[in-house]
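For reference, the structure discussed in these notes is given below.
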Amino acid sequence: MPSHSRSRDRYRSERDPSRRYREVYDDDDDDDFDYHPRERRRYRRDDYQHDIRSHESPNYNDDLNEYDAAAEDPAVPLRSHDVEGRRRERSRAGESPIASPSRRDRNRGGEEYRRHGTYGDGGSPTRAMRDRRHRSRDGQRARPRDMDREARRQRRRERARGAAAMKHKSSDSTNSGSHLLSADALAKLRSHYDEEDQRERSQEQEQPRMESKRQRKRPIVGDEPQALAPFPDETPRGQSKGRIVSGAYLEEGHPEMEVRHRGGGGPAMEARWRKEGNWDGTMEGSDAQPPFWKRKKWWIVIGVLVVVLAIVIPVAVVMSKKHGHDDDKSGSSSSVDNSDSPYISSLDGLSHDSIPESAQGSILDPWTWYDTRDFNLTFTNETVGGLPIMGLNSTWDDSTRPNDNVPPLNESFPYGSQPIRGVNLGGWLSIEPFIVPSLFENYSSKDRIIDEYTLCKKLGSSAASTIEKHYADFISEQDFIDMRDAGLDHVRIQFSYWAVTTYDDDPYVAKISWRYLLRAIEYCRKYGLRVNLDPHGIPGSQNGWNHSGREGVIGWLNGTDGQLNRQRSLDFHNQISQFFAQPRYKNVVTIYGLVNEPLMLSLPVEDVLNWTTDATKLVQKNGISAYVTVHDGFLNLSKWKQMLKDRPDRMFLDTHQYTIFNTGQIVLNHTDRVKLICNDWYNMIKEINTTSAGWGPTICGEWSQADTDCAQYLNNVGRGTRWEGTFAIGDSTVYCPTADTGPTCSCASANAPPADYSDGYKKFLQTYAEAQMSAFGTAQGWFYWTWHTESAAQWSYKTAWKNGYMPKKAYAPDFKCGDDIPSFGDLPEYY
């Protein structure tokens, strides 16, 4: 009997096929809880193990060689400076000898001591004390200079009078009357002396100012050792922060060292400090002008400049917003630089003035978008359910169909009588590491970039531009054309709550994915594809797996914020259900998901069922007529026979089936794997789809043709594989068909490019896929996981379809259950 969900691990490591068929489908236990090394339950993209005796969150045994379980690496501590040590250095600096005699002559030791004794609170002398001291010193210096000047003047006059008298008394011909000084000559001589006196008076007037300049740079170190006063803890406002000179350098007594009033060095050290970036002065000697910031006129100039800039800058910004966007398509108000985007040509010829100034730079401003293709760029701030309709066209056409086997959108799809043939858009709007490894592989294991939460947090301010570029590049209109051409008719689109809002300290890129979701729905409409909405991540995380946004603890209906996140998830559905209840979505959004893969093996089952009922009633009250899906929560499908019996109308049960996360199924050889699908799964799905023996309408929302778990990051970032026995720490058990007999299984062939696949391997992969299509087609149908991947070829429908190991048309497979299983040639079982 069947072992049906990807969570089921009935077969485990059994090599005796008879045991498999002794198992019965109606076993009411969740048949997954033996503790044999090969019998641990595994799920897609995780290593969950569960103890049925409790509802505790799963215990994730992360590889300690990859991830340190301790806290993040501690920050490097700031250097601790010893205040007393610095003071001692300054004290020793005061004791260092000054080599220049001229400096010692100018030193006024007693005056310096008294000046330091009159410092104010800011560490400098009070203004009144400075004025008094300057006046006192100026007067004392002036008196001896006046006496010297008068003595020199008197001596010159006496010499002049003596010379004149000698000329009159002399009988020498050279001193005769013909050479006597005339009155004019005497007047000129007096004028010469008067000019000399005037120069001396000018020098006297200039002397106080020069003395003031010198005093500002007067050394505090004289012949006698003196100690510097301690520096204040905080530099007073307006006082320059002098560079503190190394005490060791001062103690060495370098002759070129000069010390300034606040601990800085003189000209000899200027070049060195300028290189260090800590010295802003321009003085070339002790008598140079003070720095510009100490000059009053510079303060006035700076003040005027500040006022002018305060006026000019805001005006320039406003003018650039109003007039600068015609020449700059990216927009000056854009929060993201999209100038390198190849997808904004639709802005050509448009004026940014069409966007109200209040909306410029916002999420509604197309000039901030990385991709404007196929959006209506006419501005509107209209919302439905609080969600914007910006980008949507006001008209639509529902007359399209993807192929002649299905009705057009404006006619009802015959659910129940015709199977869904669809694909998922995993890894696009809800990022998943194994689908887009390029976003994760450049980080080291120490960074622990393991999900969208940690990725966005690491990216910081560049998260929006990086993530939106992924949105624009990963899926395009051509993908929907290819889906139609591949014979598909439905698309399950993953998105998460941050498309609508974010909470608390969420690092997610908020709201940008919303417009990409809306455009994807319009592409589906254009090519006749119906849509299944799939909220892949809801507040708090419903399963603690990386594809919910954040790997770790389950915070939805569980833990401290369990009830808060319960309400937040209902608020989320209240908004999006109002939006998608609009008439424009009635024909295209035909399936409405509530939450992807809630881990009911850990969560209280009744709480999940009650929330499911409340959410379904809420969205249907808001006008949703689409089928509402509830996931099986990884419980045994037989249990669902008795669950939600009084549920609202128009509901689907959603089950996800994989063989590679079940250690009892991954060890099956190629032929037995096809038999498992056609014998066990076929009957299981057929039965659960009935209301008499099962639950009722059931879809398979996820499955794949992957036959190994070898894809990079499939089992979480940094984890190994079951296929090669590197999955779990301390457990090297290998789960593959030749584990016991050899040869050794390898991921090399499974991860090889599809061009290297042998014909036998391609035949197996296509038969394996078509067997699952046949089994799930007995119910409401299927959605392949997933349409596109960067490198995981066995998980990409597009890659398989283009490389010849998927049917050319999904509705025309080569194999169906009941047919003879074809030969796969000499295909080895170890890959």
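Keep in mind that glycine also has a Cβ here, set from the backbone N, Cα and C atoms.
The model shown is predicted, which means the values in this text are computed figures rather than measured ones.
Annotation source Swiss-Prot lists active site, proton donor at E597. The N-linked glycosylation site annotation in Swiss-Prot covers N376, N381, N393, N410, N442, N546, N558, N610, N636, N669, N689. Annotation source Swiss-Prot lists region 'Disordered' at 1-179, 192-241. What Swiss-Prot records for 319-831 is topological domain 'Extracellular', and it gives sequence analysis as the kind of evidence.
Feature map: annotations from Swiss-Prot on the structure.
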residue	record	Cβ within 10 Å
N376	N-linked glycosylation site	16
N410	N-linked glycosylation site	13
N442	N-linked glycosylation site	9
N546	N-linked glycosylation site	27
N558	N-linked glycosylation site	24
E597	active site, proton donor	25
N610	N-linked glycosylation site	13
N636	N-linked glycosylation site	22
N669	N-linked glycosylation site	16
N689	N-linked glycosylation site	21
Query = Over all shown protein chains, what is the count of other CB atoms within 10 A of the CB belonging to N393 (N-linked glycosylation site)?
reply = 12
Inquiry  = Check the DSSP secondary structure of N376 (N-linked glycosylation site), expressed as helix, strand or coil.
reply    = strand
Note = Near N393 (N-linked glycosylation site) (Cα-Cα within 10 Å), the glycosylation sites in question, chosen from N376, N381, N410, N442, N558, are N376
Inquiry  = Here's one to test understanding: among the glycosylation sites N546, N558, N610, whose C-alpha is closest in space to the C-alpha of N669 (N-linked glycosylation site)?
reply    = N546
Remark   = Taking only the CA atoms, the spacing between N376 (N-linked glycosylation site) and N546 (N-linked glycosylation site), expressed in whole angstrom, is 34
Request  = Do me a favour and check the Cα-Cα span between N558 (N-linked glycosylation site) and the residue listed as 'active site, proton donor'; whole Å is fine.
outcome  = 15
Ask   = In whole Å, how far is N636 (N-linked glycosylation site) from N410 (N-linked glycosylation site) when you measure between their Cα atoms?
value = 37
Ask   = C-alpha of N381 (N-linked glycosylation site) to C-alpha of N689 (N-linked glycosylation site): distance in Å?
value = 44
